[in-house]
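Accompanying notes for the structure given below.
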Amino acid sequence: MSALVLDGKALAQKTEEELSARVAAMKEKSGGQTPILATILVGDDPASATYVKMKGNACRRIGMDSLQVELPSSTTTEQLLAKIEELNANPNVHGILLQHPVPEQIDERACFDAIALEKDVDGVTCLGFGRMAMGEEAYGCATPKGIMRLLEAYNIALEGKHAVVVGRSPILGKPMAAMLLNANATVTICHSRTQDLAEHIRRADIVVGAVGRPEFIKADWIKDGAVVVDAGYHPGGVGDIELGPLADRVSAYTPVPGGVGPMTINTLIYQSVDSGEKKLG
Ligand code: NAP
């Protein structure tokens with residue numbers, strides 16, 4: 001059996017063409033206005049700076065503006081909260097991205113939760129998470145929502161399937177599990193205290209690796225015909241799952257790189273365009 005490759009890079013590129021057309025239509029209707037994504041980078045972590053730059057570039061590719069806010073690493077929680085309030089009140093800003101992680105003196109959760117729900121296009125607020133989990137309208141957390149969009153684009157059946165999510169972080173594992181549950185999968189969430197991890201994974205029709213350790217999930221834990229989603233990305237182009245031996249015995253998998261990664265930024269801009277349309281028509 002040759003597995004279906006869930007090509008996030010191709011889907012992101014195709015979606016960018018559609019988003020460009022939507023932004024152009026908005027611009028025309030609103031007399032030249034485009035959605036604006038405000039990105040906030042606190043401190044000088046080079047990886048975070050790169051991610052923010054990539055997000056700004058993605059906005060530019062689809063003709064959307066971004067407002068880049070850079071704050072020093074000495075920023076306090078109060079200062080960051082004040083900046084977020086200012087962006088919440090700015091009618092020209094349609095989405096707010098606070099780049100994770102922020103320096104440790106900052107209460108990151110309080111700052112995420114200060115983002116207005118209608119501008120939470122990265123899906124990081126507790127309110128947005130709760131609404132999403134309840135099946136109410138809210139922007140999804142970008143990485144798991146990107147995974148759901150990828151699975152949907154390839155018509156991967158989720159209803160009644162047993163999905164095992166390895167990882168329970170607020171930005172990935174937990175919202176991933178809620179989204180799969182909302183899609184009528186039967187969901188098991190595994191984490192660092194799970195016993196017999198390999199046994200749980202062996203029963204999975206769908207495996208999502210969101211552990212943060214290179215090739216931690218071994219190929220021989222995964223059953224034939226499973227759908228494999230690898231959210232990890234590590235130096236050397238490997239993910240959280242040992243993908244090499246799986247290509248000819250699973251039914252579908254996300255490559256690393258080019259699977260989940262491109263869908264995260266794509267979902268951020270997709271949801272920003274959506275937010276812009278709600279205001280600009
Ligand atoms: P994280 O916050 O470090 O969470 C890792 C999760 O893995 C935790 O829930 C942890 O369990 C669990 N875990 C750790 N060791 C384990 C073990 N031995 N057995 C089972 N579970 C274990 O990481 P994250 O932010 O969710 O990211 C996960 C992965 O996704 C990373 O590789 C990251 O690079 C990648 N990622 C990719 C994107 C993208 O855009 N492509 C975006 C975000 C993250 P506990 O809760 O018990 O500690």
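Any Cβ shown, glycine's included, is placed from N, Cα and C.
What TrEMBL annotates here:
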type	residues	note
BINDING	Gly167, Arg168, Ser169	NADP(+) binding site
DOMAIN	6-122	domain 'Tetrahydrofolate dehydrogenase/cyclohydrolase catalytic'
DOMAIN	142-277	domain 'Tetrahydrofolate dehydrogenase/cyclohydrolase NAD(P)-binding'
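Those residues of the chain, other than Gly167, Arg168, Ser169, with a C-beta within 8 angstroms of the mean position of the NADP(+) site C-beta atoms are Val165, Val166, Pro170, Leu172, Gly173, Lys174, Ile189, His191, Ala210, Val211. Within the same chain, residues at least six positions away from Ser169 (NADP(+) binding site) with a Cβ under 8 Å of its Cβ are Ala210. A simple way to gauge crowding: the CB of Arg168 (NADP(+) binding site) has 17 other CB atoms within 10 angstroms, across all the protein chains here. Across the domain 'Tetrahydrofolate dehydrogenase/cyclohydrolase catalytic' (6-122), mean pLDDT in this model comes to 97. Across the domain 'Tetrahydrofolate dehydrogenase/cyclohydrolase catalytic' (6-122), the DSSP tally of helix, strand and coil residues reads 61 helix, 18 strand, 38 coil.
Gly167 (NADP(+) binding site) counts 24 other C-beta atoms within 10 Å of its own C-beta, drawing on all protein chains shown. Counted with DSSP, the domain 'Tetrahydrofolate dehydrogenase/cyclohydrolase NAD(P)-binding' (142-277) comes out as 52 helix, 24 strand, 60 coil.
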